[in-house]
């Protein structure tokens with residue numbers, strides 16, 4: 001399918017898709033717009049009505065957003081830090097590095113705890129996934145894959161696929177042979193999580209969608225459309241009915257989805273840059289997000305709004321990952337300036353800052369029983385803090 | 001002759017934001033009133049103007065951002081790593097020393113945000129200049145790169161050498177101090193854009209984030225906002241109280257905040273805590289049992305809690321509810337291939353008239369479910385399952401908790417333990433661990449108090 005040739009007077013970002021390409025300068029109702037040829041075709045065939053331009057749609061979207069903020073504001077009778085004034089101030093925590101796991105040959109990108117509270121699985125850009133007994137620092141097994149990101153036992157690959165590898169305690173088993181390819185996206189897979197069993201897998205991708213897969217058959221069960229840029233992270237809700245999840249992406253939005261219907265039930269847009277990570281509060285009534293705008297934010301699902309922003313003047317690098325402590329009182333956030341900041345969720349203040357890593361912190365995870373925090377970093381190591 | 005195209009989409013966004021913030025910080029540091037005191041620094045025999053010491057930088061950061069020294073050192077260190085401040089002594093190492101070492105602000109011309117991407121041609125000219133200036137001044141890795149470039153852009157090599165010579169000639173006309181400053185500035189710039197081996201690349205941002213659909217974004221936003229306007233919301237004061245209550249309730253269970261008994265294994269290297277809390281133990285710890293009373297989900301999520309609840313239900317002749325719930329969970333989360341047969345089983349055991357474990361569902365839900373079973377799928381039993389879940393929660397679980405709601409949690413917990421979990425009574429005499437010894441002691445106390 002080749003472009004018609006046309007006289008290109010300018011070259012630059014298309015008003016519609018943003019890609020740098022030769023632009024057609026056209027006029028709609030004497031409003032000049034610059035679209036690449038593909039977008040001109042799209043507009044002609046599909047979505048824009050006559051007289052609609054990008055500018056007019058943007059105006060409509062902005063005014064709706066304003067109305068929405070007003071609606072949300074009506075029930076906003078008090079702020080979180082005000083309510084939290086009666087809560088005791090936290091005494092200073094002495095959290096230190098208790099273990100350093102060395103063994104990866106390149107950036108460690110992802111880590112997750114096993115249910116036994118002491119084993120971890122980590123993946124690295126060196127193409128290996130290692131299962132560690134973090135307590136004894138032993139490597140239980142090493143799996144070679146084109147691994148990039150993963151959760152529990154599933155690994156996301158640079159080849160846009162997500163594979164499930166069964167892990168067993170038998171050292172001699174050739175685990176890579178049992179690897180099963182489950183998910184397939186049209187762009188990189190950024191995050192994945194098992195739903196409450198090992199039978200279904202939720203994935204998020206650079207192609208802007210999330211998807212639910214059946215592990216056994218590899219079949220796509222449900223897909224979730226609504227993000228308008230790469231989706232970077234997702235988390236499953238710990239609620240009683242266990243049917244929703246939240247995702248965050250480069251469109252600065254955090255969306256809550258119903259797993260069964262595929263519908264986007266709630267959306268939050270208050271970050272000023274890409275959202276790198278989303279994580280539910282332990283009760284399931286709220287979630288936190290970490291973003292390149294150097295803030296972490298706390299969103300209340302029942303009040304349907306952002307209720308806290310965790311930021312500090314001296315924190316200027318993007319946050320890559322967040323996780324809550326067991327009680328939900330502390331929020332651990334890993335940043336691109338190699339540090340981990342510990343925030344008091346209720347009061348909005350920073351409790352502590354953890355130094356130690358020598359390059360970006362790519363992921364932080366609290367252990368299932370809340371006894372320790374694990375951080376993975378681009379300095380090729382993992383650290384256990386307690 | 002290069003077309004000035006827009007930089008690659010998403011991945012540069014992250015860096016741009018950081019750079020802007022760092023630049024703001026740098027500008028504030030140079031503010032004539034609130035900024036740092038700059039003075040002349042002596043470097044060997046030359047006097048370099050407008051310099052500051054590492055110590056000054058740290059003190060300024062401590063005051064401006066109200067941070068501790070360690071954090072100020074780290075933050076200042078990042079400014080140096082990104083080349084906004086460069087060292088005059090030991091200029092090859094972009095590290096902030098908290099002493100009298102002299103530093104200077106990088107000129108905006110050389111800011112990474114201004115001149116990115118650094119081209120091969122520019123790098124070749126820089127290395128050529130260094131090479132010409134003092135033979136053998138190039139480091140090993142620079143020599144290697146120089147010869148590689150020589151091969152790669154050989155066709156422009158005359159231009160490279162000519163430029164290098166011109167720039168050197170022009171710089172000879174400057175004062176020595178200026179010359180040193182210029183050399184340091186340029187060197188700092190290249191240390192970042194072409195890091196030496198072993199030093200990590202500050203400009204590495206990881207995975208490229210490409211996609212962004214402007215038109216689609218706007219259309220989607222409109223739809224989402226419209227739907228959101230019709231949503232039901234809860235008042236903030238109610239929601240926020242919920243978080244306070246939750247955190248307070250779980251505070252004692254949060255090892256990072258309150259520690260755990262007998263000790264945190266990661267700190268003390270003693271795994272007793274894990275041994276005491278494995279999935280199935282003869283006697284669960286007091287904290288664990290307390291947690292079961294927090295919410296129905298906590299009880300069901302803990303294998304032992306679920307077991308004890310089952311025993312209780314069997315006493316009350318309503319165990320079929322929990323069996324039904326478990327069977328539904330297995331269907332919801334189990335293998336797709338087994339759904340049909342599992343649904344059959346569930347129908348036979350729980351829903352069919354005269355079934356062995358018939359569950360009491362309201363007629364509307366029952367009708368809907370029976371209709372749905374004709375075309376079994378993963379979620380066909382959802383409504384029935386939810387009905388039974390809330391039934392168990394309201395009738396059995398909450399009633400247990402309310403039994404002693406007039407007293408504070410300690411006593412009602414004892415009540416809960418003794419009425420619902422009689423096994424705790426049985427274990428009165430043995431106390432294998434301190435955590436349980438505590439539980440036994442207070443239990444005895446509680447009962448005495450209750451009786452007296």
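Just so you know, glycine gets a Cβ as well, placed from its N, Cα and C.
Just so you know, TrEMBL annotations never went through curation; they're auto-generated.
The coiled coil annotation in TrEMBL covers A:54-81. Tertiary proximity for the coiled coil (A:54-81) is limited to same-chain residues at least six positions away from its ends with a CB under 8 Å from its CB atoms, namely 15-16, 31, 33, 48, 269, 298, 303-305, 307-308, 346-348.
Per-residue confidence over the repeat 'WD' (A:101-142) averages out at a pLDDT of 90. Residues or ranges marked as repeat 'WD' by TrEMBL: A:101-142 (among others).
Summarising the annotation, TrEMBL assigns repeat 'WD' to A:182-223 (among others).
Within the chain, the repeat 'WD' (A:224-267) has long-range Cβ neighbours (under 8 A, six or more residues past its boundaries) at 187, 190-193, 195-196, 202-212, 273-280, 282-284, 287, 289, 291, 299, 301, 304. Residues or ranges marked as repeat 'WD' by TrEMBL: A:224-267 (among others).
Under the heading repeat 'WD', TrEMBL lists A:268-309 (among others). Long-range contacts of the repeat 'WD' (A:268-309) within the same chain, counting only residues at least 6 positions beyond its ends with a Cβ under 8 Å from a Cβ of the stretch, are 65, 72, 75-76, 79-81, 229-230, 232-240, 246-250, 252-256, 315-324, 326-328, 331, 333-335, 343, 345, 348, 363.
According to TrEMBL, the repeat 'WD' annotation covers A:321-353 (among others). Secondary structure by DSSP for the repeat 'WD' (A:321-353): 0 helix, 19 strand, 14 coil.
Feature annotation from TrEMBL assigns repeat 'WD' to A:354-386 (among others). Beyond the ends of the repeat 'WD' (A:354-386), by six or more residues, the same chain brings 95-102, 104-113, 115, 117-118, 120, 122, 124, 132, 134, 277, 320-327, 332-342 to within a C-beta distance below 8 angstroms of the stretch.
Long-range contacts of the repeat 'WD' (A:321-353) within its own chain (CB-CB distance under 8 A, at least 6 residues past either end) are made by residues 80-81, 83-84, 87, 89-90, 92-93, 95, 276-283, 288-290, 294, 296, 298, 308-310, 312, 315, 359-366, 369-370, 373, 375, 377, 379, 385. Taken residue by residue, the repeat 'WD' (A:354-386) breaks down under DSSP into 0 helix, 17 strand, 16 coil.
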